[in-house]
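Annotated ATP binding site per TrEMBL: Gly106, Glu107, Ser108, Gly109, Ala110, Gly111, Lys112, Thr113, in sequence order. The domain 'Myosin motor' annotation in TrEMBL covers 13-655. Residues or ranges marked as domain 'TH1' by TrEMBL: 801-975. Here TrEMBL flags 532-554 as region 'Actin-binding'.
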Amino acid sequence: MMESALTARDRVGVQDFVLLENFTSEAAFIENLRKRFKENLIYTYIGSVLVSVNPYKDLEIYTKNHMERYRGVNFYEVSPHIYAVADNSYRSMRTERKDQCILISGESGAGKTEASKKILQYYAFTCPASEQVQTIKDRLLQSNPVLEAFGNAKTLRNDNSSRFGKYMDIQFDFKGAPVGGHIINYLLEKSRVVHQNHGERNFHIFYQLIEGGEEDLLRALGLERNPQQYQYLVKGNCPKVSSINDRSDWKMVRKALTVIGFNEDEVEELLNIIASVLHLGNVQYGGEEGNVCITSDTQIKYLARLMSPLNLEQASSARDALSKAVYGRTFTWLVNKINASLTYTDDSHKNYSVIGLLDIYGFEVFQHNSFEQFCINYCNEKLQQLFIELTLKSEQEEYEAEGITWEPEKFKGIISILDEECLRPGDASDLTFLEKLEDTVGGHAHFVTHKLADAKTRKVMGRDEFRLLHYAGEVNYNVNGFLDKNNDLLFRNLKEVMCMSENKILNQCFDREELSDKKRPETAATQFKASLAKLMEILMSKEPSYIRCIKPNDSKQAGRFDEVLIRHQVKYLGLMENLRVRRAGFAYRRRYEVFLQRYKSLCPDTWPNWQGKLADGVATLVKHLGYKPEEYKLGRSKIFIRFPKTLFATEELMICAQCFHHRHKFKPFLSFLFLSPIAIQAWWRGILARRRAQRRRQAADTIRRFIKGFIYRHRERCPENEYFLDYVRYSFLMKLHRNLPKNVLDKSWPTPPAALAEASEHLRKLCMQNMVWSYCKKISPEWKHQMEQKMIASELFKDKKDNYPQSVPKLFVSTRLNGEDINPKVVQALGSEKMKYAVPVTKYDRKGYKARPRQLLLTANSAVIIEETKLKQRIDYGALKGISVSSLSDGLFVLHVSSDDNKQKGDVVLQSDHVIETLTKIAICSDKINSININQGSITFTVGQGKEGIIDFTPGSELLVAKAKNGHLSVVSLLNLPHSQSDGFSKLKAEM
């Protein structure tokens, strides 16, 4: 219970901020957060509001046992937890038959999405279920990975940031079982489809498809397994994130789509749309001004026809607008499809109860704030206003405390002014919108621009910015792009093309009725404003619960508490305001039976049992304890205590009584207990003084033992030094625990004391073996194959060939030639032979050394040299005597063939741009790893009929291959490059 944790408040703070003595102090508020965070207590109450701090690590507090612990238990009988909020809402819905809602708020990275997941998991586990109900439970849970894939992205602040707002209704039948659901989405950040800031990514689904999609699927979609090939995925320069496993997430999304009820045709059409957005982003334009045409290889004739009258900027904008429209409408279709699968279809019980979950973007302040941040912060203003109104309403209903007012800040006119500029004829622009704002709302105390500001403010404001004073602080908004983003228009002819699509999803997304509607569509801000108004109506009709999420630091580190960042969030979440509202009345409230049961032993008239009315018993108890009239009030069923110190004093008396009970017999305890509170306090002070004296004696004894142990530290273990030696060992092991190597390449290891040198070495080896085992366990078959090839390349070429270091960071590919690069006649000639590797090469004739373009194909049995449609030469691996290559940075190599093979005319001289990769592949396929010779200066090879040729290698400033006057083939190789790349694979091999 909360009361039982009060005595530990010096270490872990109070479980409810309402019990803070100095409740108006922000410093005391944050210090209480810090104490609890350091003890991994991430949940704290403000009355019924839950404050949650993201731990950035897994905590063992979400097990099934924890769920059972919170099921059906009174809100304050267990420690603060998200399960307590979930269970309290559920029980209120069942007992009061009134719809509930849980509002989750906080900035990106604070843990809002995870909080909503935990609530869904709690209901899935604790609510009654049947086979039909279990299907709905599964679909509710599986909707999360699908919506995260299509609506979440990696941002600078959060690797899994929701880029849309979500309100989900969970519908329960009369038995309390979840039987349906409905999701409403708000303001998807469509601009992310075409642009990402540096260090950020597009929506997860694009990377999941590319990394996890099967080869056949990617081939059918025309995609490559490389996000760097797509313009919409390279702008953030962040294709991979260490904390995200796109391949694993892809499998989860595919499974979730099946569970939700997508058939194969729908999945195929959905992925076709995602792939089409990537291809659309790669469409490039060229030509003269006013007559732009598509210049990229893939000719899209109808797009070319439609976009020809546009200039380059207009054409690119039209392309991006189409991409955003396609993705945005597809996301809406996806949400509707999920809703269809969650629809409650049982007509026998049409009435159901609802618990709503609101997971919506938090207040955002960036270095550059645009239209999206304006809409998000407008949404937070509305929610903050609602939060305060409902909190006041709840307080007034409970103890009718009046005189507390809240005047919400409002921004009248900005959206309507923006719409007017978007709709008016003439040359409207972002700057004319700013000028109109200055003329219309320039006199408002919470609005300022560069033109209206004082000299000091002008230094930090751009001429194209306006500043609003929000409840959470000041924000500067840059007006550039406001009109375009608010219009969110798509050319009519592009809509017509989408309506003609054979893709059923696109047909549903782009309705033909939309084309026949002559009215201009509503602007983005107006639509968002209207949807927020509907959301407010929904929330006002329900009993609210609140979860306020806090991000402890910007670096996503476990255990780090950034006070400046947290103070900012405490401010803009309005937590101090909420606490002041709560404390404007009474800090603590309990039902009579609970209060009397806990503290009845402190009064002789109420011990052991009170026989009269509960209210009279509580009145008798508090009178005996000496409560002053201004410290408490008695309601119809509860006692309200105004000051935390009153409760703390009562709790300390309770602890005192319990301590005495364990030390003496029952009768002396009663006679002592019924003394005045002053006598009990004096006795308790004596106990505390004796404890302090004992702690001092123990401290002095510890210091003496430590000093004596240090003096005798070099002797064999004895009573004089055993404490010191044990401390040294313990300190080393704790230091080792905190500073273990991070990976197999990390050679750091704390220096051990002499007595632990041997044990330390055993531990170091065990640690390394464990890390290597863990690393190997995580390696995928593809990456294992890559590493095997790289290690062979390291054995063959490290410190032997100059251009080897440049090949180390580049991954080997399965082939350098795609299916369309190889003539079908060649494929037919190969028959059943499976091609393992193919690469374009240059072949040098034996006579005259003329360079000729060829293709080198490796199969299981032979190396084949191709000239367009002909198989020019096949070298069986059994006839391959060896391979020669120079030590310089050129790409020439010689395949030496056996003279006994009548099919061969002599050795083959080839050149490859990927010589390290090519020779490694040949060595593996032919099993000739030990037959590669790296030569200094020259290579001798057989020309044919007993004749020999010579290749001379010399370093130079540029690559040159030509026949020399002496008849040799002369190769001038680039000068030796600095070995800037370390051979990471060799290091890894050494560790393993």
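Even glycines carry a Cβ here, placed using N, Cα and C.
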Name the residues of the same chain, 6+ apart in sequence, whose Cβ is under 8 Å from the Cβ of Gly109 (ATP binding site)?
Asn54, Arg157, Asn158, Ser161, Lys551, Asp554, Lys556
Below 8 angstroms Cβ to Cβ, which residues of this chain, lying six or more residues outside the region 'Actin-binding' (532-554), approach it?
33, 37, 48-56, 82, 85, 88-89, 92, 96, 98-112, 115, 157, 167, 184, 186, 354, 356, 358, 362, 378-379, 382, 386-387, 390, 560-562, 565-566, 569-570, 573, 575
Among Ser108, Thr113 [binding-site residues], residue with fewest other Cβ within 10 Å:
Ser108
Please report the number of other Cβ atoms within 10 Å of the Cβ of Lys112 (ATP binding site).
27
Report the DSSP secondary-structure composition of the region 'Actin-binding' (532-554) as helix, strand and coil residue counts.
9 helix, 8 strand, 6 coil
Give the mean pLDDT for the domain 'Myosin motor' (13-655) on the 0 to 100 scale.
82
For the recorded ATP site, enumerate neighbouring residues of the same chain (Cβ within 8 Å of the Cβ centroid of Gly106, Glu107, Ser108, Gly109, Ala110, Gly111, Lys112, Thr113, site residues themselves excluded), in sequence order.
Asn54, Asn158, Ser161, Gly362, Cys549, Lys551
